[in-house]
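The following features are taken from Swiss-Prot:
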type     : residues : note
LIPID    : CYS3     : S-palmitoyl cysteine
COMPBIAS : 7-26     : compositional bias 'Basic and acidic residues'
DOMAIN   : 32-353   : domain 'G-alpha'
REGION   : 265-272  : region 'G4 motif'
Amino acid sequence: MGCGMSVEEKEGKARNEEIENQLKRDRMQQRNEIKMLLLGAGESGKSTILKQMKLIHEGGYSRDERESFKEIIYSNTVQSMRVILEAMESLELPLEDQRMEYHVQTIFMQPAQIEGEVLPPEVGNAIEALWKDRGVQECFKRSREYQLNDSARYYFDNIARIAAPDYMPDDQDVLRSRVKTTGITETTFIIGDLTYRMFDVGGQRSERKKWIHCFENVTTILFLVAISEYDQLLFEDETVNRMQEALTLFDSICNSRWFIKTSIILFLNKIDRFKEKLPISPMKNYFPDYEGGDDYAAACDYILNRFVNLNQHESKQIYTHFTCATDTTQIRFVMAAVNDIIIQENLRLCGLI
């Protein structure tokens, strides 16, 4: 009887070799593919980071893409002024100049979504005039008492340019534009030899149940916290402090069984607004155990420790950065550091170091 392999054995061996080769290819692809989940409470800056990645790694936005942001920026600007005017009524703050009432009516007549290539001149004029009113300014100073877009002041300060007939959004305008993220969006970037698949998920509570679909084989979590919101309440539940909500969410993510081996990068974001707020809104009013007064470094250390100390796994390292997501120069530097961290983590997971 011959000792050669049967047809079935040869076919079986060929199948095994093909499976082994496919597994090798999969491992190589997995080594070069980074699946990053962007997490954080609503309005923490996740979408802004994705825009920065496009600016830094994809050459920025085309003219057509910038055009598409016009209506978003117009709507953000008009709605922000509407929110202030409505807050003035509830806070019983009068206009300094009652002749501004005409401009108030102009704002209230606008639809929720502004459409068109150009902001109507009467709307631009109304915002410019109202922004100079002391009553409006006083209400703006109390914006922690209601829900106002972070970029309101930026757009109001730039209203003459935004309302110009030849207006074209620049990088900063695009970065500061705000559209609520619903569902899950995936964005792919190539950085060196690595392919990043970045998933942005809705931060509001109602969106969180959808995160489960992103959990499998996640390489890294980028968790964002808007530290400037230490004195604000949630949009969806105005009995809950935003920073407390972020701490609760970070605790659940950091110590989740899904993420025992997943590296976590923590961006303590919106440091520019945080630094502005500290002298006028004492952090001790919201966190009674804080003893650092309005010292910026002490406040940063306090918040950093509050988050890092939630980690219950000694083997898990939390990589932290203080960030301003609208500052492209800083984000370019920070993301380069993040890339180095991820490469090391990926090599470790693949057993290469």
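Cβ from N, Cα, C; glycine included.
Within the chain carrying the region 'G4 motif' (265-272), a Cβ under 8 angstroms from the stretch's Cβ atoms is held by residues 44-45, 49, 150, 220-229, 250, 300, 303-304, 307-308, 318-327, 334, 338, 341, all 6 or more beyond its ends.
A mean pLDDT of 97 is what the model gives for the region 'G4 motif' (265-272). Residue counts for the region 'G4 motif' (265-272) under DSSP (helix as H, G, I; strand as E, B; rest coil) come to 2 helix, 5 strand, 1 coil.
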